[in-house]
Structure formats: structure tokens, C-alpha cells
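**Student:** Take this structure first; my questions come after.
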């Protein structure tokens, strides 16, 4: 597939491979590259950054809007979380197809098609009349956004060449880091000033600009001979994940996991996922995801760590803005500003993590990162349980979490491919990228379900919904309130705050426990650097 673009971008076979998802094949023949970053390359990088930042910012923007969706659509957190879950499932679906699609259509056309799909999805989201259509249109966005990062890397790898790739990726990485910092602020400001629909409408001029610039700047490339696509694998994995998560997400409304409306889709989804695993294991030619890579112990441990870590991490991240808005009574704009310490922590740790990984290899820095995430998330949970004000506990926890993310996510991607042969790097990178998205999608659904369960078991919160004391109240939407249902105690507001804080604290503690559990597989990651060891080759 188009994994050759990444392999040729590596200076030497013995060097540590770059942990990315490839999607481009260079043209046959030799090509000479200048040593400096010329104007043409910087223009190409600028277009790639414009589109990729748009997709990255959109994720953080939508997380800030979760409570607004609950109020405007009269829905629950478990249902609204599908605006994130559906998007991440779409990412997990298209990432394995990126290499085949770029071979089939060419990287230039695929990039432009992905930008167009994301922009069209943004427009549809902006006009969605109900939560169901908003979720569906978010999936459309995800199909476009999932292609942008791997295709952008393939284009940059082809245009930069091996000697300039590191420098151009450093240039590209700066605005990519600013996305998670600026996204919550932008989203909060747009929601407060113009309404939630503008968090999607703002993508239209950016997407159209990226589309026009790509048509002008990117060199034309012809489609190449592509591998046979694993349609069966795609038809098993995507519906399996969606059906399983739909069943789990239905449990709060049913009151029990034993309800048939929960069990039937959950069991059906698990059966489809099991069938996908069996299909991928025995498919010898070009499976959607090469499950045989799990025979490599380092690959198995890195992917297990990434999946569970994403489950706890992404699930808790979804609820951070909701907690700030619902319990601390912050506006969307304020909650966006108060999440900034997380991005600042990540920016601070980036150069340190990179230097440590180069000197020590990924295993040790991954352990440090996981411990930092657990410490930060635990600190945040402690502040929530104590009903603490924002300062100083909560920003401290967020900053530590941000540092831990940088020290764990990227090194884990490196650990997943460092023992693979060059021809296996593409598949290994795809595998861990998919598991990151799958873990994140399960985490967003699971944590929202747990929070909804906590809400449903609180009589105070249930009463508050009726009297418009929470954003999802019936009275707030014009429903009649029976005065006899109101509580007699005088400290109702204090008790409501206690129950809300307790509900969020329980979920954050569970997320912390999941993060801590990843120390077990992470402890067995290979301690040597890639240049010091090479695992036996698996079959191609």
C-alpha cells in the first residue's frame, strides 16, 4: 500500500520508525530534494496544517458544547455523548482504509475529497433539527476528518524527502499543539455569543479555503495500482462497534443491563467484533487490520496499553467541560478558558518527552506519562469530591494530565512499531491508531453512561430536572411542575451540588483506576531502543 511513503522518508532501516498512519506512495524513480525548507514545501505544509487544525479544533469545540446540546435538545448526557462517540467510531473506520483510498484515487484528490466531506458534514451539523441527525452528521464529519491526518503526512513525506521531514514536521506540529488550547476558547465564545450552530458554521470558510488552496498548491499525482480491499472486515468491524456501544448506551434509560433492548444489540455487536477478529486473523492478503501483529509481544502490550488508556482518558475529557458548566456554573466560554492548563501542560512537556524518548526509548517515558495522567486525573477527582473551587486544585490536575498525555500517547505509538520490520510499520501504525480511536469511542460512551446512572439514582437530581435547577430540566423547556413534588428541606441547592459533585467524582475515580491499570502492560514494554533490538519478522 502507500506505506512506502513513510518507509522511504526514514533515513535508514535501523533508525526508529516514525509512528504514523501512512497514506501515500511516491512515484517511481529517484527524486532529489534541496536541504532547506523552500517556499513550495512551506505552502504545502500550510495547506495541510489548515485542514488538520480545523479537524483537531472541532473535537475540543464539540466537547465544550455537550451541556448545551443536552439543554437545547432536551436529551441526556448518554445520548449527547454520541456526538463524540459517533465521530470517533467514524475515525476508527476510515483510518485503515486511508492507504488503499490514496492508492486508488491519489493523495491530492483524496485530501480534497476529505476536506469537502468534513466541510459538508459541518454544514449539515449546523442545520441539524434534532440530536439524532446531529449524531449522523457528526459521523459524516468523522469520515472526512479521519483521512486528513494520514493523507497530510503522506503528502508532506513525499514533498519533503527524508532529510527535511523532521524539520517540516516540527513546523507543522506547532499549530497542531495550539488547536487543543484554542479550541475550547473558540467554542465557548461562539456558543455564548452566537449559539452552538456556529461551532460548525465556522468550519465552512476554513474548509473551502483549504479546498481551493489544495487545488492550487498540491502537485497532481496519479492513482496507483491498489491492493484488494477488505470489504468483509469493514462490514464486520464498524457495525459491530456501533451496535455494541448502542446497546451499552441504552442501559440508563432501561434501568438495567439485563433488559433485552440492551442485551440484544450488545451481544450482536460483540459477535460481529469476534467475527472480525477471526476473519482478520485468517485473511492472508491485506486484512483491514492485521491481527497477526499481536503475535509480537511489544505490539500487543503497546496496543493493550493504548486502548485502555484511551478508554479512561477520552471518556473523562468529554465530561470536563460538562462538570465546569453544570457544577461550577461556568459559561461555555469560561469552561473553555479553564481547560487551557491541560494544553499548556502538553506544550511544556513536548520537548522534554521527545528528548527522553530519543535517549531512553519509549518504554520508560510511557510509564512516566501514565503516572502523570493518573496523578493529574486523581487530583482533579479529589477537587471534585471536595466540591473545591476552580483554583488551585483543578488547574493543577489539568496541567499534570496534559503533561502525561504527551509523555504517553506518542511514545506508545513509537513502542508499537519499533520492533517491526520496515514493511510492517504501516500496518502496525494503523493498528494502534485504530485502537486509540476505538478505546476513545468506548470511553466516551461508557463514562457518559456511568454519569447518567449516577444522576438517575439521585432523587435530588431527578427533582432538580423538574424545577429547572439543572440545564436539562423539564420546566426550563416549558413543562409543568407539580408543587407537591418539590423537596421540603431548606438546603436543597447545597444537596443538589453535593449529589452532582459526587456523580462526577465517581466517574473520574473510575477513569483514574482505568489509567492506573495500564501500568501493568506498560511495564512490560521493551526497554531497549529500536536500534538495539529487532523482533523476528512476521509474515507479510
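Quick reminder: no glycine exception, Cβ is built from N, Cα and C everywhere.
Copying in the features that Swiss-Prot gives for the protein in this structure:
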TRANSMEM  45-65  transmembrane segment
TRANSMEM  78-98  transmembrane segment
TRANSMEM  117-137  transmembrane segment
TRANSMEM  171-191  transmembrane segment
TRANSMEM  198-218  transmembrane segment
TRANSMEM  229-249  transmembrane segment
TRANSMEM  262-282  transmembrane segment
TRANSMEM  304-324  transmembrane segment
TRANSMEM  337-357  transmembrane segment
TRANSMEM  390-410  transmembrane segment
TRANSMEM  431-451  transmembrane segment
TRANSMEM  505-525  transmembrane segment
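I'm curious about the neighbourhood of these features; can you describe it?
**Tutor:** A Cβ distance under 8 Å defines the sequence-distant neighbours of the transmembrane segment (45-65), meaning residues of its chain 6+ beyond its ends; these are 83-84, 87, 111, 114-115, 118, 122, 138, 141, 144-145, 148-149, 152, 155-156, 168, 171-172, 175-176, 178-180, 182-184, 186-188, 190-191, 196, 199, 203, 206-207, 209-210, 213-214, 217-218, 317-318, 320-321, 332, 335-336, 339.
Residues 2, 21-23, 59, 62-63, 66, 69-70, 110, 131, 134-136, 138-143, 145-147, 150-151, 229, 234, 237-238, 241-242, 245, 249, 252-253, 288-289, 314, 318, 430, 433-434, 437-438, 440-441, 444-445, 447-449, 451-452 of the same chain lie 6 or more positions beyond the ends of the transmembrane segment (78-98) yet place their CB under 8 Å from a CB of it.
Within the chain carrying the transmembrane segment (198-218), a Cβ under 8 angstroms from the stretch's Cβ atoms is held by residues 43-44, 46-47, 50-51, 54, 58, 61-62, 65, 107-108, 111-112, 115-116, 118-119, 122-123, 125-126, 155, 186-187, 190-191, all 6 or more beyond its ends.
Here the transmembrane segment (229-249) has Cβ contacts under 8 Å with residues 78-79, 81-82, 85-86, 89, 92-93, 96-97, 100, 261-273, 275-276, 279-280, 283, 286-289, 438, 441-442, 445-446, 448-449 of the same chain, all six or more residues outside its ends.
Proximity of distant same-chain residues to the transmembrane segment (262-282), defined by a Cβ-Cβ separation under 8 Å and at least 6 residues beyond the stretch ends, is recorded for 230, 232-233, 236-237, 239-248, 250-251, 254, 256, 288-292.
If you look at the transmembrane segment (390-410), the same-chain residues 6 or more away from its ends with a CB under 8 A from one of its CBs are 19, 306, 309, 313, 320, 324, 328, 338-339, 341-350, 352-353, 356-357, 365-366, 368-384, 436.
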**Student:** With a Cβ cut-off under 8 Å, give me the same-chain residues at least six positions beyond the ends of the transmembrane segment (304-324) that come close to it.
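**Tutor:** Same-chain contacts beyond the ends: 63-64, 66-67, 77, 81, 84, 88, 184, 330, 332, 334-336, 338-339, 366, 370, 373, 377, 380, 384, 390, 398, 405, 408-409, 412-413, 416, 432, 435-448, 451, 504, 507-508, 510-515, 517-518, 521-522, 525.
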**Student:** Excluding the flanking five residues on each side, which residues at least 6 beyond the ends of the transmembrane segment (431-451) place their CB within less than 8 Å of a CB in that stretch?
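**Tutor:** For the transmembrane segment (431-451), the list is 19, 21, 77-78, 80-82, 84-85, 88-89, 91-92, 95-96, 146, 241, 245, 248-249, 251-252, 289-290, 293, 299, 302-303, 306-316, 318-319, 409, 412-413, 416-417, 503-504, 506-507, 510-511.
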**Student:** Can you name the far-off residues of the same chain, 6+ from the ends of the transmembrane segment (505-525), with a Cβ under 8 Å from a Cβ of it?
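**Tutor:** 297-298, 301-302, 304-305, 308-309, 311-313, 315-316, 319, 362-363, 366-367, 370-371, 373-374, 377-378, 380-381, 384-385, 415, 443, 447, 450-451, 454.
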